[in-house]
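Trainee: First the structure, which I've put down as structure tokens, then a few questions once you've had a look.
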Amino acid sequence: MRRSELAYDRHSDCSTDAEDDETEWRRITSSPRNARSSKLANSPNDPKPMKVSFGPQSTATGSAPEAQAPTSTDAEVPITRKLSNAPDDLTFSRIWRLAGDEMEVEDRDSRHHSFKKARVHADLEEESTAGGVALPPLTRPPPLMRITTGGGRERTLSTFDAYMTACETMWGVIIFLKFGELVARGGVGLALCVLAGATCVQLLNCLGLSAVATNGHHNGAYNLLVANLGPTWGATTSLLYYLGMSALATVEICGAVEAFDLMLQQQEGPGYVTSSAYYDTGLIGSVALVALATVRGHNSHLVHKIGLLVLAAFGLTLSATLLGAASRGSLATLGSNMAPPHGLARVTYADVSLMVTFIFPCFAGINQPVNKAGELRTPFVSVPRASIGAVVTSACVFTLILLAIGSTKPLAQIEASDFILDTYPSKYVGLIGTIIVGVGSCVSCLDVAPTILQTIAADGVVPGFQRLGLHRLSGGHAEPQRATAFTCALAIPFAWLGGIELVALAAAALFLQMYFTMDVCCLILAALRSPGWRPKWPRIKPWQAGLAALLCAVTMLVLNPLLMPWVLVGSLATAGAISLLSGGQELGSGDAIVGLQYSVALQALHSMREEISLAFGSGAERFPLRWRPQLLVVVPSAVADDALDETEADAEASVLIALAHSLKEGRGLTIVATIASPPEKQALSPFGHVVATRARSNYAVASAAVTHAKLFAAAKQRLEALAADAQLSCFTDATVSSNYNTAVGVMMNCVGVGALRPNTVLIGWTLRRGGKEERPPIAARRAAQAMRALEKALSYDKAVLLLAHRHSDASTFLSTPSAQRAPETIDIWWVSHDGALPLTIAHLLTIHEALSHCAIRVFMWIEQREAAAIGSDVASIETRVRHFLRIFRLRAKHVEVVSLARTPLGETAEARALHKEAQLNEAMVSRTTASTLLLITNLTAPSALHLAQPLTYGDVLEAACAGLPPVLFVCGCAGELHYVD
């Protein structure tokens, strides 16, 4: 692997303009070796790597021709990623680029935080879709003096920026408007205890969130949830977060309206703008939501400016509150207000629930640093520090406010007051500050919620969101205007619920459900200790994450005992609806869910005792009711660069996969496999079979390995496409070998693990379309491959299903739904009576919905000497067969015993086999009707000549299947083989 070495001087001037650095980058990447989009390798005459050094004397050495440098008008292509994949699924080249983005030297005195960094780019082949990540061509990479994320935004935010963003969301109107009511209901002591409990819960949630957030690069809460929980559960949990932020926006604006009414009540005249507080909250709150949503939809940068104003107003209001408590309050009053007004024994569940309802939503901003992770210079450090620091700071601020309220007035006066804050110099300072804080917090929530909704809609996981246009960015500033309008329309009904208590309760429940899901995710990752679990900080223990999840559940029960079941049921229903409406998408595919599934599957596999009796085809004879077929479908491979052969191979594979799909009601393992051949020269030998000679190649060993890898990948993709077309849920496997005999034997013995090993091999044999035309080499090769697979399956004691068919007969085989078919039958010709595998296969086929309309007819083929040995006539044997089918619990429409009166003639076993198959075929043709869909009979054992000359065995199958619909030859073990003496 060739790499470009970039040397740099860390002590060089860091104040160079970004334009100069971009020009320098273009000069460095002007050669095809560093422009990955050109996909050109080095010249063979210049094996030495190119070396480039920054500085005034930088020169580039190397004989690679220079490519045209990209112009300054080239649009920077963002890096897109399927959000359903975890970040650790990135290709090596992408990880290397991310590593280069983190190499920086910060200049804290510089406004632009410019830096010099080194980057080493691997000259690898472009992987446009590897691992679910679409990598753009690096025709215009980011300048060296700027760190950019996948969306093209600059990483300019510091830890303090993330910290203030979290605090801005936490410091809302509730702490000024409702904390006095909490003190009046339960006293300062109980309010502080509830505050301490909520702080502990959120600190544990911060630990779990920080561990998951630092376990890879996540740009936003939705990205983090999808990476760990999969698209369905990630979208469901993100919707809970979105609904919680929407409800919190309504809480803030309704609180501001309530503070405005209180300010009107301080003056003479009507105390409300309308006739009552309810209509004030509903009408004014709705109008304010529309106005603020319009501001946010126009330009989100105005939200950040409003945030600065809100922080200033919050600081002034907090200072006025503390000054008022210092000037008018006393420690004696605080001490008398510590206990509840009517005693601790009189505190009710409703009092505690109300405290939790208003205190817990005040800590709802711990996810804000995660939302800003794509813009943080050091996200692994900033996210934990910002979230934990915001929780600790907010807890201290809330404690000061509770103490200030409790020290100003006795509890009786606090309970009688409309507005509790005794700010300095007057109440209007607190009221105006509360209004400003409420409006600003509402705008902040309206900034977060539409962004989450737009991200969910852009991922396309939730059906219908893109039809509404919620994924679009519009306007002059590319804002999610439709998502903002949708959020506003969703938040307005909350304003008409009559007070903020119910809305705050809903917001608290939604946030707690999200935190609970995140803690469970962290618990799974920490307990499983998968290789991808590498959090930067903290090294959380499983019991810590479990304790956090337990405390979230307890807190939700304290809010309302009936609320937690409803939220859980709503979450499960939402996940199920998303999975169902999106086309049966899996409920979980993230790191945590996949790790849990893998662990459970591994434990279940170890606990499953591998019964040797059921692992082979002989189990169908010994335990016909318990035995289930675990299929290995061996499909033919096509010759390279032969379109006709590829079409015929796919047609035969489709028939076999359709039959395997009909046998899936056996609830067993299904593996579809093929053996691809490397480039070979094929010739038809005089004996009628293919003699394959490996073509002499001038490629090196590495080139041969690359060729094998490409053949393997192509074969896997072909099998997966065929299985997807047939809607068959199965595993696929492939191998590349020039020795088909050895490869098919290894595949039969090596695929699967433990009890999940194939015990049945499904093989296809395409019959001639008619006549005695000369057999082409392709047909001979297919016959040889089928014979080798049949030989290995019999020698390894596998049950064999050999489907003999013609393409014309199989074109509609198992392809029409049962509702559109006329009544059809499946005929069983029971020739070998040592096993019941034909009956078992017929039973499994009729369970499937596509063949549930088919009736079963059983024909027992018996020779005259066998009837004489039994000592019974045909009628007695038929009665015995009916009793056997009743015990076997197989419903048969028709049962008949067919006796062979003539002895097969011929000098050799092969000739006698042909004669006997002709007699059996004559009996089958005479009893086959137009409604017969499939015949099932025992397999005739191949002789040594058949193994040496596979096409002679094809003559036996031709004789057996002449004039018949597709025939399925079955063999459960060596005892069930149909031998001809």
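Any Cβ shown, glycine's included, is placed from N, Cα and C.
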Trainee: TrEMBL tags one of 239-260, 547-568 as transmembrane segment - which one?
Mentor: 547-568
Trainee: Which range is it, out of 347-366, 487-506, 707-726, that shows up in TrEMBL as transmembrane segment?
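Mentor: The listed stretch tagged transmembrane segment in TrEMBL is 347-366.
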Trainee: Over the domain 'Amino acid permease/ SLC12A' (164-569), what is the model's mean pLDDT?
Mentor: 89
Trainee: Between the transmembrane segment (428-453) and the transmembrane segment (386-407), do 3 or more CB pairs sit under 8 angstroms, pairs being 6 or more residues apart?
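Mentor: These two segments do not touch.
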Trainee: Can at least 3 Cβ pairs under 8 A be found between the transmembrane segment (276-294) and the transmembrane segment (428-453), with each pair 6 or more apart in sequence?
Mentor: yes
Trainee: List the helix, strand and coil residue totals of the domain 'SLC12A transporter C-terminal' (820-899) as derived from DSSP.
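Mentor: DSSP classes over the domain 'SLC12A transporter C-terminal' (820-899) add up to 37 helix, 21 strand, 22 coil.
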